[in-house]
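Chemist: First, the structure itself, so that you have it in front of you.
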Amino acid sequence: VSHYGTGVVVFGLSAVVELLGEPFWVLAQAQMFVRLKVIAESLSVILKSVLTAFLVLWLPHWGLYIFSLAQLLYTTVLVLCYVIYFTKLLGSAESNKQQALPISRMTDLLPSVTRRRAFVNWNEAKLTWSFFKQSFLKQILTEGERYVMTFLNVLNFGDQGVYDIVNNLGSLVARLIFQPIEESFYIFFAKVLERGKDATLQKQEDVAVAATVLESLLKLALLTGLTITIFGFAYSQLALDIYGGAMLSSGSGPILLRSYCLYVLLLAINGVTECFTFAAMSKEEVDRYNFTMLALSSSFLGLSYLLTRWCGSVGFILANCFNMGVRITQSLWFIHRYYGRSPHRPLAGLYLSPALLGAFALSGGITSVSEVFLCCEQGWPARLAHIAVGAFCLGVTLGMAFLTETKLINFLRTQFGGSRLADKT
């Protein structure tokens, strides 16, 4: 592969640059600098995309070097945006936000040795090591199928290409919607609740707020995931046909994307439950969870290999679904124990009214029949009719959700109108 060695080196360099910006990203998350994050990440992604498109069109013989250079530009611009912003912020005596920051100058982010304290805070170092192990194991659980795919050669390059396309399309929702929610509300729960303390030993007002927010988030994640799953089954083939033509829509692509829709539902619920669990767990509980994830990661890799041998690339998604199901079960058990002796029941967010479930089931049936008769070899008029049927069913389903889930609607209204959650954070 052209420029393979150089590309790998540049990718490694971009990872180092991105790590240098990690403290600024944490500060932006903790202080809810939403505008800074949006501007920095948007500018970085735009420049990366422009550079990638330019090099692919004008210098295609550079091969992998193109994407590694674009990644390096992305991380560099991202870190520079954070550095420039915080340099100006900390240098401004009039800034009110500066008082809330845990640092007073940029050099506070660098390692230092003082006479009053040791170079390493061992309590913080142990907690950091726990989270490092957790992150490493989550990486195996999240990207483990790629290691199996690469080193065990269970799929040919054509199937790997289709799987990557479907995986990237399916993960758009997770990256654009679920990941920001998970990151933001992890910070919220970590601020409201005291880590490692039982719910009965904390301020009951904070416990009640956390329970209300968690219940609404679970309901929102469940509704979003169910909507994607139900309508994704009937519109996966059409989406792939529009995106990549018959090459994607006639092979294993639709089955992969339908399976991924189910995976998105589990991703949505897992993101909410884990963000609460990791914010409320003590260090000892995090360590115990890490041991469980270690066993889970080993079984996940083995299951990925076996399922892929049995049913092809769909096996990777099925193994991920199994992995997410186990993680959700662990988090739900922790939440159940955490609120067991309190009057709050945030897990009620996982229950939907029979009318709404009926609307989902009816929409799934109608859109599936519509797909059989209208998609996708009968031209654009039939496709547009299929889309119209889906839009009508989606409108009816959302209307039913609006009528039955009044508590969630009120929660969303408060959030968009300047909620007490924003005041709390």
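Even glycines carry a Cβ here, placed using N, Cα and C.
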Chemist: For the record in TrEMBL, which of the ranges 6-26, 153-173 is the transmembrane segment one?
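Modeler: In TrEMBL, the transmembrane segment feature sits at 6-26.
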Chemist: Using Cβ atoms and a strict cutoff of less than 8 Å, what residues sit near the transmembrane segment (260-279) while being 6 or more residues removed from its termini?
Modeler: 134, 166-167, 170, 173-174, 178-179, 181-183, 185-186, 189-190, 193, 195, 210, 214, 217-218, 221-222, 224-226, 228-229, 232-233, 236, 286, 289, 317, 320-321, 324-325, 327-328, 330-332, 334-335, 350
Chemist: Would the transmembrane segment (65-87) and the transmembrane segment (220-240) count as touching if the test is at least 3 Cβ pairs under 8 Å, pairs 6 or more apart?
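Modeler: Counting Cβ pairs under 8 Å, fewer than 3, so no.
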Chemist: I need to check the long-range neighbours of the transmembrane segment (38-59): which residues 6 or more away from its ends have a CB within less than 8 Å of a CB in the stretch?
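Modeler: Sequence-distant neighbours of the transmembrane segment (38-59): 66-67, 69-71, 73-75, 77-78, 81-82, 85.
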